[in-house]
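Let me begin by presenting the structure, written as structure tokens, before commenting on it.
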Amino acid sequence: MTHRIPLAGVIGNPIAHSRSPRLFAHWLETLGLSGHYVPLHVEDADVEAVLRALPRMGFMGTNVTIPHKLSALRIADEVSDRARRIGAANTLTFKDGAIHADNTDGHGFIANLRQNAPDWSAADGPAVVLGAGGAARAVLDALAEAGAPEIRLANRTRARAEALAEIFPRATVVDWAEAAGAFDGAATAVNTTSLGMQGADPFDIDLSALPASALATDIVYTPLDTPMLIAARARGCRTVDGLGMLLHQAVPGFSRWFGATPEVTEATRAAVLA
Ligand code: ATR
């Protein structure tokens, strides 16, 4: 077989605003590798046909974003344990005619905290997770794996939190109306809701019970410094913004597809924000 330039991409709809192409271009250039990473706008009805065709065009794999993370998992021939637990795939690798599905969001979440708050450990004490969407599932999985002794889960729609507490170990449900009380004695606080995101509803959860020793992080990264992080810092807490989760979740895919492991640095952040 003739040598082909390795390709990868991200499938989604919409996809025009994805920051992943900038991230991958930055890493390819930094590492001096040849390769291309492209945004692919794919309609729901076409996901399977596109995924089966991509390897034939030289694609090593793709990332998957909204709204295709569930169908990608369903279509895949092999599924990692964590993708199965999370119930969604964000990283597909094409190998020997098969589609391998993984979910690296939880890895990205933990790697971001470890890089930016090296003294933090999930085992430090109870964690509070706000929200019960797809991002919350990855965060719960990662916190449970990393040894959080207790995970207090609050979501506006209580039934969604209850469904997750059935799946993830050591998770208990706190009523949304009582979310403020859940921060009492917590070591980790995570916002996985869209509250505080540019253009979304304001973040209005009272953090006054959050101990100053706690670490707070937000998966929202527009703006980088979210209302939740600002409120936590006012309490004396250390905070880590959510951009690093996006960057770190991309590392496993990049290294599988392009054969070198990239680093997440200040230059990486700048490249993605440019
Ligand atoms: P994702 O997969 O990115 O997590 P999602 O599944 O739409 O996205 O989840 C968004 C989360 O933000 C949910 O937990 C949602 O709460 P509901 O399950 O009750 O919908 C939460 N959320 C969004 N807007 C909210 C608001 N105004 N108040 C409280 N929670 C909100």
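Placement of Cβ uses the backbone N, Cα and C atoms for every residue, glycine included.
Because TrEMBL annotations are produced automatically, they should be read as predictions rather than curated entries.
The active site, proton acceptor annotation in TrEMBL covers LYS69. TrEMBL lists SER18, ARG19, SER20, THR65, ASN90, ASP105, TYR221, GLN249 with the feature shikimate binding site. The NADP(+) binding site annotation in TrEMBL covers ASP81, GLY131, ALA132, GLY133, GLY134, ALA135, ASN155, ARG156, THR157, ARG158, ALA159, ARG160, ILE219, GLY242. Residues or ranges marked as domain 'Shikimate dehydrogenase substrate binding N-terminal' in TrEMBL: 10-92. Under the heading domain 'Quinate/shikimate 5-dehydrogenase/glutamyl-tRNA reductase', TrEMBL lists 125-171. The domain 'SDH C-terminal' annotation in TrEMBL covers 242-273.
Locations of recorded TrEMBL features on the structure.
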residue: SER18; record: shikimate binding site; Cβ neighbours (10 Å): 19
residue: ARG19; record: shikimate binding site; Cβ neighbours (10 Å): 18
residue: THR65; record: shikimate binding site; Cβ neighbours (10 Å): 18
residue: ASP81; record: NADP(+) binding site; Cβ neighbours (10 Å): 10
residue: ASP105; record: shikimate binding site; Cβ neighbours (10 Å): 27
residue: GLY134; record: NADP(+) binding site; Cβ neighbours (10 Å): 18
residue: THR157; record: NADP(+) binding site; Cβ neighbours (10 Å): 12
residue: ALA159; record: NADP(+) binding site; Cβ neighbours (10 Å): 9
residue: ILE219; record: NADP(+) binding site; Cβ neighbours (10 Å): 28
residue: TYR221; record: shikimate binding site; Cβ neighbours (10 Å): 20
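With a CB cut-off of under 6 A applied against ligand 1, the binding-site residues ARG19, ASP105, ALA132, GLY134, ASN155, THR157 are reduced to ALA132, GLY134, ASN155, THR157. For THR157 (NADP(+) binding site), the nearest of the binding-site residues by C-alpha distance turns out to be ASP105; the candidates were SER18, ASP105, GLN249. Within the same chain, residues at least 6 positions away in sequence whose Cβ sits under 8 Å from that of SER20 (shikimate binding site) are VAL10, TYR37, PRO39, ASN63, THR65, ALA250.
Proximity of distant same-chain residues to the domain 'SDH C-terminal' (242-273), defined by a Cβ-Cβ separation under 8 Å and at least 6 residues beyond the stretch ends, is recorded for 6, 8, 19-20, 22-28, 30-31, 33, 35, 60-61, 63, 90-91, 93, 102, 104-105, 107-109, 111-112, 115-116, 217-221, 224, 226. Of SER18, ARG19, GLN249, all annotated as binding-site residues, the residue with the shortest Cα distance to ILE219 (NADP(+) binding site) is GLN249. You'll find the Cα of GLY134 (NADP(+) binding site) roughly 17 Å from the Cα of SER18 (shikimate binding site). Counting residues per DSSP class in helix, strand and coil order gives 39 helix, 19 strand, 25 coil for the domain 'Shikimate dehydrogenase substrate binding N-terminal' (10-92).
Helix, strand and coil content of the domain 'SDH C-terminal' (242-273), in residues and according to DSSP, is 23 helix, 0 strand, 9 coil. For ASN155 (NADP(+) binding site), the number of other Cβ atoms no farther than 10 Å from its own Cβ, over all displayed protein chains, is 24. The local packing around ALA132 (NADP(+) binding site), expressed as other Cβ atoms within 10 Å of its Cβ over all shown chains, amounts to 26.
ARG19 (shikimate binding site) is 24 Å away from ALA132 (NADP(+) binding site) when you measure Cα to Cα. The average pLDDT the prediction assigns to the domain 'Quinate/shikimate 5-dehydrogenase/glutamyl-tRNA reductase' (125-171) is 97.
Under the DSSP three-state reduction, ASN155 (NADP(+) binding site) is assigned to strand. Put simply, of the recorded positions LYS69, ASP81, ASN155, ALA159, the one whose Cα is nearest the Cα of ASN90 (shikimate binding site) is LYS69.
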